[in-house]
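Trainee: Below are the structure tokens for one structure; questions will follow.
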Amino acid sequence: MKEKIVTSGFISVVGRTNAGKSTLLNNLVKSPIALVSKKVNATRKRMDIIIPFENEQYNSQLIFIDTPGLHESKKLLNEYMLQEANKAVGDSDLSVFVAVASTKENEILHYRNFLEQHDKRHIVLLNKIDTLSKQELLECLESYKQYQDQNLGIIPVKAKDIDTYTMHTILSLLVKNLPLHPHFYDNDMISTTIMRDIYKEAIREAVFERFSDEIPYESDVKILKVTEKPRILYIKAQIIVAKDSQKAMIIGRNGETIKSLGSIARKKCEYLAEQKVFLELIVKTIKGWNTNKETLKEIGYDFMD
Ligand SMILES: Nc1nc2c(ncn2[C@@H]2O[C@H](COP(=O)(O)OP(=O)(O)OP(=O)(O)O)[C@@H](O)[C@H]2O)c(=O)[nH]1
Ligand SMILES: [Mg+2]
């Protein structure tokens, strides 16, 4: 039997906010570990997802890095998010650029910006093709044709509901472009992101689901304690908000809102932990938490100075 070629490497997944990057990665790994939301700017910090892959020729390990969507806001937290995304592209062997398939000119601008800013070998995924008619999809593919010499391939996808064939096509294209390198991690691992950070994202996801308007953007979550108790995992987490009025909104009348939020978040944590969870949520106001470097660092956003 012919020996397989072993390649492994890091692949940054980039694209504008709401393009479907986290959805794609959750579906590749078949576990909802990355935060997905209808709202923009959901992912704040990079998270990695490890996928082993074998075909007739290759035996590879792909380490995908989910990144915050590329955007142009000047807020400090958003600056951090942009820094994370750009650093992930710089550190990776390849990129996957996720674009929203569209016939609108402004969508392709995101891709043009990426090409201008990064000199990185990459593939392009045109996502959300379920929202286009056949004719629109053809037009969209046509508009990306002019860039075909600058990437390794352009693949139309439906990240929300990706089929095995498309997944195989994407992974096959990536593994043959990765460096020759033994696997970096044990193939049983699905992420090097620590469980604490995964629970944090699960609770943030619940906040994104439960609240509209400013709360998802004006809040964050800090995990204070994770303790294994007999037959139950105890998680104590703090929801940080910028104003007392937001704290009152999260708690709700007689604590009813936080109770329902806690129940949504607990179920997400239980699914990820594969065991029963007792989740204790507390809310704390820290004025200007998202405009202060020190507080941001304390919550886990390690700025490069
Ligand atoms: N119609 C449709 N919607 C999709 C598809 N893939 C993802 N979505 C939706 O797009 C929204 C954004 O998805 P996310 O995965 O959170 O997007 P993201 O690129 O990670 O966004 P940020 O973290 O903010 O950068 C969610 O509501 C998804 O359900 C798809 O193939 N079709
Ligand atoms: Mg995301």
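Just so you know, glycine gets a Cβ as well, placed from its N, Cα and C.
A TrEMBL annotation is a machine prediction, not a hand-curated record.
So TrEMBL lists the following for this protein:
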DOMAIN    7-180  domain 'Era-type G'
BINDING   15-22, 66-70, 127-130  GTP binding site
REGION    15-22  region 'G1'
REGION    41-45  region 'G2'
REGION    66-69  region 'G3'
REGION    127-130  region 'G4'
DOMAIN    195-287  domain 'KH type-2'
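How buried are the listed features, and what sits near them?
Mentor: DSSP assigns I129 (GTP binding site) to a helix in the three-state reduction.
Across the residues of the region 'G1' (15-22), the predicted structure has a mean pLDDT of 94.
Broken down with DSSP, the region 'G3' (66-69) shows 0 helix, 1 strand, 3 coil.
Sequence-distant neighbours of the region 'G4' (127-130) (same chain, 6+ residues past either end, Cβ-Cβ under 8 Å): 19-20, 24, 98-101, 137, 156-161.
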Trainee: Counting only residues 6+ away from its ends, which parts of the chain sit with a Cβ under 8 Å from the region 'G3' (66-69)?
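Mentor: Counting only partners 6 or more residues beyond its ends, the region 'G3' (66-69) has Cβ contacts under 8 Å with 12-19, 21-22, 25, 34, 40-49, 81-82, 84-85, 88-89.
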Trainee: Would you mind listing the long-range same-chain contacts of the region 'G1' (15-22), meaning Cβ under 8 Å and 6+ residues beyond its ends?
Mentor: 34-36, 38-43, 66-71, 97-100, 110, 114, 127-128, 159-160
Trainee: Other than its own, how many Cβ atoms are within 10 Å of the Cβ belonging to I129 (GTP binding site)?
Mentor: 19
Trainee: Look up K21 (GTP binding site) in the DSSP assignment and reduce it to helix, strand or coil.
Mentor: helix
Trainee: Consider only the binding-site residues N18, K21, T67, L70, I129: which of them have a Cβ under 6 Å from an atom of ligand 1? Write none if no residue does.
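Mentor: What lies within reach of ligand 1, judged by Cβ under 6 Å, is N18, K21.
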